[in-house]
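> Dumping the structure here so I can ask a few things about it.
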């Protein structure tokens, strides 16, 4: 019987465990975490048994590290000192890859232990073992730093989209689309809070646009500190690049260059619309935003058009904003459903759909 050791039974680790158990009920899932977390995971059937780190690592055929980056680095150093099985495969679930892969390659060079970096690009506003979700990774990108049929087979129950990406390129890409946006969100919150000291209405008038831009500022502070310190060069380079773009639009405003400013927004809109927005560290939904009039029955009218679809979530934005009258957000699990729903709504109504 193949034994899988999962170290870290939070949202990611426990959700991975559920996916493995679904696809491979014959495998034994060992779990290592704090005792109270292990007990919950075992009681809920997420793991088959709890195990002490050394014993579990020595018995395991595959080890999955689902812990913060700094902890992953320390665990790799510990595990490398254990008497491990020949052919052991180790992977992780960290948000950066270069530092982890480089250390693992140093530690296991010349051994029969194989390390392949992993990054399931999925998450939730919930956390911990109680938030374990079998469907968390469905249709989400799952990055591997090397091709591995063994990992693909192990994790097939997650129904994720596996892509192979060099560790350094991974950190460059995620540095732009994942790490840097968290800096922007928190910076905007800090800036607004500071500005509100002289202009108190800032906090009252911050509406949908501000909320959407800053939502990720509520993310785990310890985790994101670890992420940034594991990818500092790319992070700093992206900050400098962003300063350059801000300076460019500032110059356009200074010159009162309306044509250039309009081009700035128009091109930004086109680029955004052309992007295939997938899940990053957020729920794996494909969101449709519908601007609707403030009329009785309008929401039911839209939902009636979509009665044959599998809808993951519905959110009604009741705020009155100068740029959007009212907004209905409908989330789908599949991109195909989103596109079909968009076409149906655009054909049956005159509502703006984005």
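First residue shown is number 1, and so on along the chain.
Just so it is clear, glycine is given a Cβ too, placed from its N, Cα and C backbone atoms.
In case it helps, Swiss-Prot gives these features for our protein:
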- 2-283: domain 'Prephenate/arogenate dehydrogenase' (DOMAIN)
- 3-33: NAD(+) binding site (BINDING)
- 287-354: domain 'ACT' (DOMAIN)
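Help me picture these features in the structure, burial and contacts included.
Here the domain 'Prephenate/arogenate dehydrogenase' (2-283) has a mean pLDDT of 93 out of 100.
Every protein chain considered, the tally of other Cβ atoms within 10 Å of the Cβ of residue 19 (NAD(+) binding site) stands at 24.
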> Ranking the binding-site residues 7, 11, 23 by other Cβ atoms within 10 Å, which is at the bottom?
23
> DSSP on residue 19 (NAD(+) binding site), three-state: which is it?
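The residue in question, residue 19 (NAD(+) binding site), is helix (DSSP, three-state).
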> With Cβ-Cβ distance below 8 Å and at least 6 positions apart along the chain, what are the contacts of residue 15 (NAD(+) binding site)? List them in sequence order.
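Once residues fewer than 6 apart are set aside, residue 15 (NAD(+) binding site) is near 122, 132, 133, 134, 136, 137, 158.
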